[in-house]
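Chemist: Grabbed the feature section from TrEMBL, which reads as follows:
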BINDING   I11, G12, A13, G14, V15, M16  NADP(+) binding site
BINDING   N60  NADPH binding site
DOMAIN    7-102  domain 'Pyrroline-5-carboxylate reductase catalytic N-terminal'
DOMAIN    165-269  domain 'Pyrroline-5-carboxylate reductase dimerisation'
Amino acid sequence: MSFEGKTIAFIGAGVMGSAIIGGLLKKKLVVPEQIIASDPNEQARQAIASQYGIQVTDDNMEAAKQAQIMVLCVKPQFMGKVLPPFYGEVAHLEMVVSIAAGVTLKTIEEGLANMNVVRAMPNTPAQIGEGISVWTCAPEVGEDQRAQAQQILEAMGQAIYVDDEKYLDMATALSGSGPAYLFLFIEAWIDAGVKMGFSRAIAEALVKQTVSGSTAYLNHTGAHPTVLRNQVTSPGGTTAAGLYELERGGLRTAVADAVWAAYKRSQELGEG
Ligand SMILES: NC(=O)C1=CN([C@@H]2O[C@H](COP(=O)(O)OP(=O)(O)OC[C@H]3O[C@@H](n4cnc5c(N)ncnc54)[C@H](OP(=O)(O)O)[C@@H]3O)[C@@H](O)[C@H]2O)C=CC1
Ligand SMILES: O=C(O)[C@@H]1CCC=N1
């Protein structure tokens, strides 16, 4: 299924809107003339227009009217303002994709009076084509549109379809917010190196390559993380001493609690 003859409207051209636009253009799924982005923020409009050569507007309706596909990339808190003007005016749209955390298919379908709705949760590595998205859709969404949704999301990395919307709040907590958990851990780890006496530059180099090398090793071997952790952990050695402190500090329960809190927050955002 190609996007030939289709225009895609982006409502909101911030971090994630521009990641999706960048992915679509990089993969040559569309040319810049097939994209229009609407955003009230002049800086955001200028940035995206000069980076990608796409059309921009500050009028959401103008963007929606000329499109067959619309992607909603505004914060969930803005959805209550964004949807009402579209009500009954966007029946022509063949598909509407929302990436807003928590906002349900039902809210968007009822808000737009259009049932062709896809709900997706990407993450920020999407900006370099290394993201992962989880998505689902209303039963009314046709096969061609489902294929297009998969293509749009794959332009940013991997995309996993789920047949139950309940998984979207879970994915939001796990992979959507996930990069922030990892960045916090990396930050703390670098600071620990600086505390011992490394320069920040060397501490950063050591930690960053340890993260990317370990992840590549994990993916390459396909082994369970526990197996690889045990390889590092010599009896009576340094790693065992460090791991003991992480466990004593409650790392596992802190991670589980963090993901659970994000999950609950995603559900709350969906309640409006
Ligand atoms: N950031 C992330 O890691 C992820 C975010 N998401 C979801 O993606 C969505 C967008 O997030 P993100 O890109 O980070 O947010 P950004 O704030 O970077 O982008 C949102 C853009 O929408 C603009 N905007 C505000 N009101 C309107 C409006 N009425 N009509 C059109 N545009 C409007 C904002 O302008 P202004 O700045 O002036 O408000 C801003 O430029 C959210 O719903 C979020 O839940 C999903 C996965 C990951
Ligand atoms: O923090 C948020 O609400 C968004 C959703 C997933 C990542 N960022």
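In case you wondered, yes, glycine gets a Cβ from its N, Cα and C as well.
Whatever TrEMBL says is automated annotation, not expert-curated.
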Chemist: Rounded to a whole number, how many Å is the Cα of I11 (NADP(+) binding site) away from the Cα of N60 (NADPH binding site)?
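Modeler: Spelling it out, the Cα of I11 (NADP(+) binding site) and the Cα of N60 (NADPH binding site) are 6 Å apart.
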Chemist: Mind checking which of G12, G14 has the fewest other CB atoms within 10 A of its CB? They're the binding-site residues.
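Modeler: With the binding-site residues G12, G14, fewest surrounding Cβ atoms within 10 Å: G14.
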Chemist: Just the number: how many Å between the Cα atoms of the residue listed as 'NADPH binding site' and V15 (NADP(+) binding site)?
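Modeler: Between the alpha carbons of the residue listed as 'NADPH binding site' and V15 (NADP(+) binding site) there are 18 Å.
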Chemist: Around A13 (NADP(+) binding site), how many other CB atoms lie within 10 A of its CB?
Modeler: 27
Chemist: Under the DSSP assignment, what numbers of helix, strand and coil residues are found in the domain 'Pyrroline-5-carboxylate reductase catalytic N-terminal' (7-102)?
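Modeler: Tallying H, G and I as helix, E and B as strand, the rest coil: 42 helix, 19 strand, 35 coil.
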Chemist: Which of I11, V15, M16 has the fewest nearby Cβ atoms, counting only those within 10 Å, among these binding-site residues?
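Modeler: Comparing Cβ neighbours within 10 Å for the binding-site residues I11, V15, M16, V15 has the fewest.
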Chemist: I want the residues beyond I11, G12, A13, G14, V15, M16 whose C-beta is within 8 angstroms of the mean position of the NADP(+) site's C-beta atoms, in chain order.
Modeler: F10, G17, S18, A37, D39, A44, C73, V74
Chemist: Within the domain 'Pyrroline-5-carboxylate reductase dimerisation' (165-269), how many residues are helix, strand or coil going by DSSP?
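Modeler: Across the domain 'Pyrroline-5-carboxylate reductase dimerisation' (165-269), DSSP assigns the residues as follows: 90 helix, 0 strand, 15 coil.
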Chemist: Can you count the other CB atoms that lie within 10 A of the CB of the residue listed as 'NADPH binding site'?
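Modeler: 23, counting other Cβ atoms within 10 Å of the residue listed as 'NADPH binding site'.
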